[in-house]
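Record features, source TrEMBL:
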| type | residues | note |
| --- | --- | --- |
| TRANSMEM | A:6-30 | transmembrane segment |
| TRANSMEM | A:42-63 | transmembrane segment |
| TRANSMEM | A:69-93 | transmembrane segment |
| TRANSMEM | A:105-125 | transmembrane segment |
| TRANSMEM | A:156-174 | transmembrane segment |
| TRANSMEM | A:206-228 | transmembrane segment |
| TRANSMEM | A:240-265 | transmembrane segment |
| TRANSMEM | A:277-294 | transmembrane segment |
Amino acid sequence: MSLQFLADGLLAGLLIGLGAIGVTLTYAMLRFANFAHGEMMSFGAYVAWSASFLLSALAGTAWPAMGPFSITAAVLLGGLAAMILTAGLALLLDRLLFRHLAGRGEAITLVIASFGASMALRSLIEFAFSSSPLYFSSDLQIAVRLGMGIRVTPDQLALIGLTLCLLLAIHLLVTRTQAGRAMRAVAENPTLAAVVGLDVRRVVGLTWVMGGALAAAAGTMAGILVQIRPNMGFDFLLPLFSAAILGGIGSIPGAILGGIVIGLAEAACVQFVGAEWRAAVAFLILVLLLLLRPRGFFGEAA
Amino acid sequence: MNGKPVLRVDRLVAGYEPGLPIVNGASLTLRAGEIVAILGPNGAGKSTLIKAIAGLVATPSGQIWLNGTDLRPLPAHKRTALGLGFVPQTENVFTRLSILDNLKLAAGILPAAGRAAAIDDVLSLFPDLAARPALLAGRLSGGQRQMLAVARALVVKPRILMLDEPSAGLSPRLVLEVFAQLGRIRAQGITILLVEQNVKAALALADRGIVLVGGRERHEGRSADLLGDPGLGALFLGGDAVRETGS
C-alpha cells in the first residue's frame, strides 16, 4: 500500500496549522470566529505573487530558480512582503472594524462583520486580479521517491522545511519571550492579564500581526503548491476552524496538531475514498468533535 | 495604625450594568502598612468594590486616589504599574503557563535588569512553588494556586495588595497558611485590603474591618471591637457569622 497520503497530508496539515494559529488566538482573545482569516491567506498569496512579479519586472528577466526548486529568491522576498503587508491588513481590520465592535454587542455582531470583511476582500481581489488562477511558476517539478510508495517534489520538501522553521520560530517566540507569554496569557484570561499589568489591546494587536503574517505565509505556500485563486482562502476556512477547535481554542500547539490531523485525514480520504469527499472530511471531523470532545486536544473544560 | 493614607475611595459608585449600581457611594481610606478587611453579607458589593478599585468594573461616579493619583481614568494595567496588586478570587493564575512563566509575566512591568532578582525574592517566600518552577499552574491544587496568585501579585512589589476572598474553597489548614503568609507580607511594609467571608479569620489578621451593606459602608472599626460587638454579627454578618465562620 502506498503511504503517499502521509507526505501530502503532512504538508497540507502544516499549512492548515499555520493558518489556524491566527484563528485560534483571535477566537480565544476576542471570543469570535473571524471568517475573514481565509481571505488574509488569499491576500497574502496575491501580494507575494505581485511582489515577485514586480521584482522580476524590475530585474528585466525572470529570477533563476534555486537548485532543484521552482521557488526563486523573488518568490521568497515576495512571501516576506506578503507577511508584512498582511500583518498590516490584519491590524487595519482590527483598528477599523473589530476593535470598535468588540464589547459593544453580541459576538454574532463581530462574526457578521468578519463575514462582510471576508466578502469585501474576496471581491476586491477578484476585481483586481480576475477569477482566473495565477501560478508562481510554470516549471515542471520532477518528484523524487522516498520509499514506501511516497513521492515528493523538491518544492514540497522545501515548503515542509520552511514551515517547520516558521513553527520553530513561533514556538520560541511564544515560549521564550515576554510577548509570547503575554499572548498566551491574554488568550487564556484577558481580565487577569490586565490585572497582571498587560496592555491587553496591545497584545491583541500583536496577535493580529502574527496571525496575519502566518496566514500570508500559509497562503503563499498553498499558492506555490497548487495555484492562486480568489476563493482559495475561503476554501481553507473549514479546515482552519476544524483544526483550531480540534486543538483546543487558544492553544498554539493544538492548532498545529489539529492542522496535521485534518491534513492527514483529507489526504487519506483523497487516496483511499475519493477526491470528491475531501471537503467533507474537515466538516465530519468538526461535527464529531463538537459532539464528542468540544474542548479539543488541549482546550480547557468549560 | 497611624500610617499615611495611601488609598482613598470616596463615594464610589460601581456596577456591571448602566443604571444598576452594586457599589453605591462607598468610601474608605487605607493607611500605609495596615491590613483592612471588607466584610458583609452576600450581595453587599464587597467583591465589586475591590474589582472597581482594580479597574475591572465601571465606576460612573466617585473617586479613587492612590498616593495622590486619580485612578478612575486609568485602565487596570496602569493601576497595576502604579503599585496596586490584585488577587482575584477565582481564575487567578494562568493555568497553561508554568509557575515560573506566571511570575515572569508579572515581572514584565519591571525594568529588565531587576526581574530575575524580583522573582527570586518572591520565590524565597513560597518554597512550595520554588521547588518546581516548571510545573504548569493548571496542575496545582487550590491552595497552591492561591499562593501562586499572591506570589504573582508580589513580584512587582506593590504598595497595596488587594485580595478577593483568599480563603474561598480552601481547607482550614490552608486558610491558616494563607493568612500567616499575609501577615509576613504585611511585615514587609505592604498594605493589604482583603474581602472575606471568613469573618473571624479575617478580623484576627486585620487591623480594621469595614462592614459593607447594600453597596456602602455601614460600620467601621478596629478588628477587636468588631469581634466583640455582639450586635454586629446579627445586624450585618448574618446572625452567628462571627462565631461560625471562625470555628
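A Cβ is built for glycine as well, from the same backbone N, Cα and C atoms used for every other residue.
TrEMBL annotations: computationally assigned, not manually curated.
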Under 8 Å Cβ-Cβ from the transmembrane segment (A:277-294), and at least six residues away from its ends along the same chain, one finds 235, 238-239, 241-242, 245-246, 261-262, 265-266, 269-270, 302
The transmembrane segment (A:69-93) in contact with the transmembrane segment (A:206-228), cutoff 8 A, at least 3 CB pairs, sep 6+
yes
Spatial neighbours of the transmembrane segment (A:240-265) not adjacent in sequence (6+ beyond its ends, CB under 8 Å) are 5-6, 8-21, 23-25, 27-28, 33, 37-38, 167, 170-171, 174, 184, 187-188, 281-283, 285-286, 289-290, 294-300
Relative to the transmembrane segment (A:42-63), the stretch among A:6-30, A:105-125, A:156-174, A:206-228 with the most Cβ pairs under 8 Å is A:206-228
